[in-house]
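Before any comments, here is the structure.
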């Protein structure tokens, strides 16, 4: 066969349908092979050249219809492939020599793609094609199929007759569910061995027009400006059809407008593109003011307009264009405005506009065309009512002009879409006279005056004028004078000095200027006031001497470093530098002072040794005008060399030691006094009263043999003063018992009266109801000779209470009076 020299074209030829085919005839019309290689000689081929035969038909049968997926080729007479256009070799052909001879093998185990229409009516199962292997001459062959639609979902759609190989369709197909099935055919021998490779079986479901078109929306909405030209696009509608629109017309949708409402100005205002569904304006005359909205009934028809139809609604909104000019209503106005009123509303202008409210074509824009030479007025648009609001930008002057005639034009925010006449209004403004405030001339007056002028010296005259035509009297006074330096004559406006003007006063003077505000008042009805500003530029005089800074220095007394002090002078040139320095009050004995060449610093040096201490250096500085200022510099001299790093404090032992000794002596005296007090408290004198005094007899009843563990009783628990009294619970429901306080006699000056003083005060103490019983120091653990204490056995004495003498209770004071009365009168009972 040789090596090919031209391009090779591999074509997949699809059988579309068979017109007539008799399965029972021995001749079968089939493709030569599943893949056929055709040779085109030469680098360039002319159209119409036959390349080769690919299909073997049967005599007497009508030819089959074929199609190819390559537009460069066509099938002639149902069998021969030929070129449709001129072909050129696209890429250089690479030839690889080979000694192997290429041979073409005939294959019978091939089935062409099978086309089956959807929605078939049967009867089922329906034979589609027969699988045939050429190995059936040698052995018995059994056929089977696998794949989706056979043994996998959807199962059972197709089947095969096991022995004959007929491919069967078991139920109707739906192309919209599955458009193509890919199955595999198998051939096995009786013993189950495969005799053929699995064969691909393609089943194409051909479409039928079983679906109507569907619009994507029930209602479509679009908009277009009024007055647009024909051909302007409005919107696009879309309908879909599930049927095939590639190989058939079943899914090809054609659009049309069924009706239009309203039919104004006529019934064909819009058109729709048949294929794309684009709605456009076809006629002029869209006017929103007449028809703001159109409703179109649109329809979609499949089969390219010859099939099933569905409808939807398209609403077209006509947008407003500025085709109507605003008009003043009315066109003439008169208004009255008081003079000097700023921001005063003069008049509201009303307009009408047929365009859509609150749109740019409706919102008005006002412009003052004439009559406002002084730019006294302004006009704005009210955002809701669309009215024009005329207000005063400046105050009007009745004396200058008492009437203004204004001309105002109105347009819209959006430009007109066509040439339209504009509307103009006339406003006559009458100015009303009012009492105007006096006006200082000038409003801000600058006056130069020398600082420090004498009190009562005139500064200037500052007066105001009355804008009114009437001759009104004006009075003056100072409204604000921060330092209180000035006074103003109420009739003439004469300003005089009442204080010392000081240019260097930083609290009230800024940049040599002292600001004062003055007031003028007329006698009109009602009276009005005006203010003016008086700016006094204070001229400097040499009233301040130079001073050094800083005024405290620290310097070493050995190899000292010179101290540089800055010189400041509050005055201005020429009352400042050059400065001169001089030491006074014998400061020049140990110090020197020199002014540097620039004249802005003074150098202070220590020329003799000084011991560490603080000294006063008297430095006198004078300026160019010989204004002298004496300043005392506090100089701290340290025991050090050169620069001062640390300055140790001087030893002050001569002062500290006496102070320390005095403190120690005071502490020693306090310690001795404390010891004496403590020793005095420890001395206890036993109180031995007469033995016949029954009050001192303490009977010890605790002796019960063996002795008591506690031999000493804490007598401090019995000797309680007034400070140890229990707390009194306050009550507000019981009247308190008032106990009289005893009256003690003061100590007499005469020593002879001491005895009476002791007796009287002892009696007062004994009768004191607030004192505790036995207000004496009792020693209960004293049981020496003479003690009347006995054993507890004395309690069993046969003596009765009647043998006891209780008269001594009367001697115990008022607190035991009740007890003495109870026991003292027992025999009488």
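Cβ coordinates come from backbone N, Cα and C, glycine included.
Annotated features, as they stand in Swiss-Prot:
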type     : residues : note
SIGNAL   : 1-24     : signal peptide
DOMAIN   : 108-215  : domain 'Cadherin 1'
TOPO_DOM : 108-654  : topological domain 'Extracellular'
CARBOHYD : 200      : N-linked glycosylation site
DOMAIN   : 216-328  : domain 'Cadherin 2'
DOMAIN   : 329-440  : domain 'Cadherin 3'
DOMAIN   : 441-546  : domain 'Cadherin 4'
DOMAIN   : 547-650  : domain 'Cadherin 5'
CARBOHYD : 566      : N-linked glycosylation site
TRANSMEM : 655-677  : transmembrane segment
TOPO_DOM : 678-829  : topological domain 'Cytoplasmic'
Surrounding residues of the transmembrane segment (655-677) on its own chain - C-beta under 8 Å, 6+ positions past either end: none
Rounded distance in angstrom between the Cα atoms of residue 200 (N-linked glycosylation site) and residue 566 (N-linked glycosylation site): 112
Structural state census, the domain 'Cadherin 2' (216-328) (DSSP three-state): 4 helix, 50 strand, 59 coil
Local confidence of the domain 'Cadherin 4' (441-546) - pLDDT mean: 89
The domain 'Cadherin 5' (547-650): DSSP-derived helix, strand, coil residue counts: 3 helix, 56 strand, 45 coil
Mapped DSSP class for residue 200 (N-linked glycosylation site), helix or strand or coil: strand
